[in-house]
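Trainee: Would you mind keeping the following structure in view while I ask a few things?
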Amino acid sequence: MPRRDRSATPDAAAVQMTSVRKVYGKGAGAVTALDGVTITIPRGTFTAVMGPSGSGKSTFLHCAAGLDTPTSGTVLLGGTDLSGMSEVRLTELRRSRVGFVFQAFNLVPSLDVLRNIELPLRLSGTRTDRARLEEIIARVGLTGRTRHRPAQLSGGQQQRVALARALVTRPEVIFGDEPTGALDTATGRDVLTLLREAVDALGQTVVVVTHDPVAAGYADRVLFLADGRIAGTLDAPSADLVAEHMAGLGGRV
Amino acid sequence: MLSLAWHTLRSRKGAFAGAFVALMCAAALITACGVLLETGLRGHIAPERYAGAPIVVGADQQVHWTKHKKHKVKTKSKPLTERAWLSADVADRIARVPGVTKVVPEVTFPARTAHGTAQGHAWESAALTPFTLAAGRAPRTAAEVVADARAGVRPGDTIGVLATEAPRTYRVVGVTAQAAPRQENLFFTGQEARRLAGRPGQVSAIGVFPASAVSAVRAALRGTPAEVHTGESRGALEFADASKARVTLVSMGGALGGTSLLVAILVVVGTFTLTIEQRRRELALLRAIAATPRQVRKMIGREALLVGTGAGLAGAAGGLFVARWLRSLFVGHGVMPPNLGLVLSPFPMAAGLAATVLAAWAAARLSARGTVRLRPAEALAEAAVERRRPPVARTLAGLAVLAGHVTLLVVLRALDVEAAATPVTFLAVVLGAFAVALLGPVLARAATALLAVPLRLSRVSGHLAAANGRAGTRRLASVITPLTLAVGMTCTILFAPATVADAATRQASAGVRAGHVLTGRVPGAGELSRLPGVRAVTAMVPTSIRVGQGKYAAQGVTPAGLTETIDPGVRAGSLDGLAHGGVAVSANAAGHMHARLGTELNVTLGDGTPLRARVAAVYGRGLGFGDVLLPYDVVAAHVDDPLPRQVLVAGGSADALRRAVARYPGVRTAPAAQAAGQRPDTEVNLVIMGLIIAFTAIAVVNTLAMATAERSREFALLRMVGTTKRQIHRMLRLETLSVTLTGVVLGTAIALATLSAYGAGMTGSARPAFPPPAYLGVVAALTVLALLATAIPGRLALTVHPPEALGARET
């Protein structure tokens, strides 16, 4: 699979976090959301991030994806150091090298499916590759629905549109923030299968924050977070193993 | 980017409707003002009376002065307030010009008949229109007249005429075939006309025939004060008051246009802020996935441009209708002569469109600031919930604007001239509202904290209303601003004239010593003094004069026995000086003229005649008696209508007086003296400023409806957990009442502060007129409006079946 590596060495990790700390607020009311996280996420893998509420999952995702800047430590995305980047440069980086699938409200309601998918390309002024666009639309199973508005789609279909939008720029990493959290089990599975395919067939890197052990079962590796620290990892996980591990962390699942 | 903006607009019509309406109103108002302004600057008046004379010569109807500014010398001109007359010699001079075949001198004077005020002329000058006889003959004796076709009389009838002296009965000997479209004319013999005009040796205009003589006439008159008019410019001479109307149009157009532009920006910022507030989630998503802050700003800017262009085009077209409507209003109130047609050119429409587009764009960029600067992670996190703390920069900006408001109030305290004080007054109110807009979140928090206590008395609805108030301070802030503006503007517009008028009336009634007041055009004041018991009779004729470049309201008063009838609050000198040709000035005016007791003033009378007069007295009650008091005869000889408009009588019995004036049409005994210097166009001003009031009211409805319509999900949730529709309606009503109360308190505070400063400057007393019935009426009307503006969209939002509303995806 061809990659568009611009600044990184060819075998750099997709995400490399070193001693990342994130503190919200100041003084007595300060909350440490991430407390010295060091982790490497290799290319072409599917990683699930799990942890009880308040463990720092969302902050982890935001820092890794350049949505937020760490208080200290460094984040390398595809070998590019995000520290000290301006908001504009971070945005440019996000739109070309990061794809997002959020839990809900992923789409701009006034735009139809096709325009939502094209949005990152349009905003970066890149020309749309028709063939690739159609291939992606077919892959996520939206052929024939490109002129629908988000409000005319089911929740699962909306997540597919979000996934197509994430794929269209061939990003370094696709981040998912509870991408199946608002879906029923069967629809959720479809979306997870599509994410798995993106890794296996397209060689994409996927990082998903979830609290669902079943969802984590689709990953190559699970990272457990607790109190802002990495509390363990689990390779080739099954849903049962994950659930067991989570129970050990003592958090609510 | 443009297509993205377009798609957003199409699918969010509702959210942009508010901004669209506000912008459209602004465009309409600005266009209408532009048309008025242009009409004032370039309008022409078709001649009526002089329509039949190809060339009309008249005196220069303007006063000129030169201004020395560094190395430049600027000449400034202002229209005279009374007609300037020309020496009759000029007619002889024109008659000698080669090529001139006929010269028709004209005199003009007001002649009141039983059915209105006609223009009196000599039959010899009938050719100027021309008027020809349809029946009867020309007048031969002083007691004969020719009436025009409008008068509805026939030869042989008699009519009573009150011209410039005691009324007389004339016999109609002829009726003309023609009538001027908008004025009545009455023709006397030449001798009688000249006598009634009371300007021996002078003419008001000279008609010259034929048209081909114009250049020769011009050449012959070069260097004299006479001016040669042909074509449309004859109308300017005929309707001398038209130039006054033009000045009024220009100043009104400017004030209304400027104020509505400022109000528009404020209103549109408010509606855009609400729209953007409602789209936070979508904007956050855009920021997260792909858009730089610049791109989001651009997108919002483009949306605004699209809305502004659409609204601007619609409003500019509508503005033409507003201008027409205003014109008919002005004509109806006599502020604008009926034959001053509107000047229609693309410029006002272009200005309306441009101003609107610019206002929309600026408003959008301004309201997008906070949202766009957010980091996407913060934006995503707080998209659903409200931001907690108002940004420091906004609060600081609000305090700065508040400081500006206070500064303007200080400036306003020092302004004692209507023309300067009025625009500053409105600017101060708008600035106050701007400060409220910026400090909105802080004020809303304070207000909700205060109001939560009484609200909680109602267990369900009130409790909910209080909670919503706390949670939605930004929404509240957007709603409080238009309410504040509406209250502040309305009170200021309604009560500013009253503030001055009240003070003037107070001064006038405190300063009148005479027991009886006659109003109307009162002839024969001299006869009244012969009635038994009458000690003094003071005739008063109003005019306006200039001292240097400043214009002052003045009155001519009978000097004899003046102290028996009025007490203008003399601070220095004595009113007796008027009997020896002196003048009295108010302390206020004396300050402007840099004059003191004994100063020799260079006065320009209403018709442009210069006069040197010594200041014989300085008095305090300038609002009640006008800025300058001059001897009656001095003024009467230089005004269009020399009859007194008011006569004060000391001593004598009311019955005897009433009998004495019974035969004069329109003369009445009044309970109190009328104050001088009251502007007659207050009513018109009210109507015009009423447009701004209407505009702010639209803004209130707009904002409240927008803020309520977005809450259907919230209502659905409340319904699902068991809140009844009635409780929700009650909650909405309580919320609306609390924001209205907050707006009323803030608006009233702004209006009170502004009017106090205005009063302090204009009347010397910081006591603003705040008549309770009118004020309560304003508050009640606004409350009803606000309740309706929330109840209707609230009802609509509640018609959706709750599970559906909840299930509806965020759109």
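We number each residue from 1, going along the chain as drawn.
Yeah, the Cβs are placed from backbone N, Cα and C, and that goes for glycine too.
From TrEMBL, for reference:
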DOMAIN    B:257-366  domain 'ABC3 transporter permease C-terminal'
DOMAIN    B:687-801  domain 'ABC3 transporter permease C-terminal'
TRANSMEM  B:15-37  transmembrane segment
TRANSMEM  B:203-221  transmembrane segment
TRANSMEM  B:255-276  transmembrane segment
TRANSMEM  B:304-326  transmembrane segment
TRANSMEM  B:346-364  transmembrane segment
TRANSMEM  B:396-415  transmembrane segment
TRANSMEM  B:427-455  transmembrane segment
TRANSMEM  B:476-496  transmembrane segment
TRANSMEM  B:686-709  transmembrane segment
TRANSMEM  B:736-761  transmembrane segment
TRANSMEM  B:773-792  transmembrane segment
Trainee: Determine which residues of the chain contact the transmembrane segment (B:686-709) at the Cβ level, with the cut-off under 8 Å and only residues 6 or more beyond its ends counted.
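Mentor: For the transmembrane segment (B:686-709), the list is 14-15, 18, 21-22, 25-26, 29, 252, 256, 259-260, 263-264, 267, 270-271, 274-275, 322, 326, 329, 475, 478-479, 481-483, 485-486, 489-490, 493-494, 497, 732, 736, 782, 785-786, 788-790, 792-794, 796-797.
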Trainee: Under a Cβ pair cut-off of under 8 Å, which of the recorded stretches B:304-326, B:476-496, B:773-792 contacts the transmembrane segment (B:15-37) most often?
Mentor: B:304-326
Trainee: Grab the same-chain neighbours of the transmembrane segment (B:396-415) for me: Cβ-Cβ under 8 Å, and only residues 6 or more beyond its ends, written as numbers and ranges.
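Mentor: Cβ under 8 Å, 6 or more out: 421, 424-425, 427-428, 431-432, 434-435, 437-440, 442, 750, 753-754, 757-758, 760-762.
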Trainee: Six or more residues out from either end of the transmembrane segment (B:476-496), which same-chain residues have a Cβ under 8 Å from its Cβ atoms?
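Mentor: Tertiary neighbours of the transmembrane segment (B:476-496) are 263, 266-267, 270-271, 273-274, 277, 422, 425-426, 429-430, 432-433, 436-437, 440-441, 443-444, 447-448, 469, 686, 689-690, 692-693, 696-697, 699-700, 702-704, 707, 739-740, 742-744, 746-748, 750-752, 754-755, 758, 768-771, 774-775, 778-779, 782, 786.
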Trainee: Using a Cβ-Cβ cut-off of under 8 Å, list the residues of the same chain that are 6+ residues beyond the ends of the transmembrane segment (B:773-792) and lie near it.
Mentor: 483, 486-487, 490-491, 494-495, 697, 700-702, 704-705, 707-708, 729, 732-733, 735-737, 739-740, 743-744, 748
Trainee: List the helix, strand and coil residue totals of the domain 'ABC3 transporter permease C-terminal' (B:687-801) as derived from DSSP.
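Mentor: Counts, helix then strand then coil: 99 helix, 0 strand, 16 coil.
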Trainee: Please figure out which one of B:255-276, B:304-326, B:346-364, B:736-761 racks up the most CB pairs under 8 Å against the transmembrane segment (B:427-455).
Mentor: B:736-761
Trainee: I'm a bit unsure how to read this: which one of B:304-326, B:346-364, B:736-761 has the highest number of Cβ pairs shorter than 8 Å with the transmembrane segment (B:255-276)?
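Mentor: Per the Cβ count, the answer is B:346-364.
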Trainee: Averaged over the whole of the domain 'ABC3 transporter permease C-terminal' (B:687-801), what is the pLDDT?
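Mentor: Within the domain 'ABC3 transporter permease C-terminal' (B:687-801), the model's average pLDDT equals 84.
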Trainee: Residues sitting near the transmembrane segment (B:346-364): Cβ under 8 Å, six or more positions beyond its termini, same chain?
Mentor: 19, 23-24, 26-28, 30-35, 37-38, 261, 264-265, 268-269, 272, 300-301, 303-305, 307-309, 311-313, 315-317, 319-320, 323
Trainee: In the domain 'ABC3 transporter permease C-terminal' (B:257-366), how many residues does DSSP assign to helix, to strand and to coil?
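Mentor: Result for the domain 'ABC3 transporter permease C-terminal' (B:257-366), in helix, strand, coil order: 93 helix, 1 strand, 16 coil.
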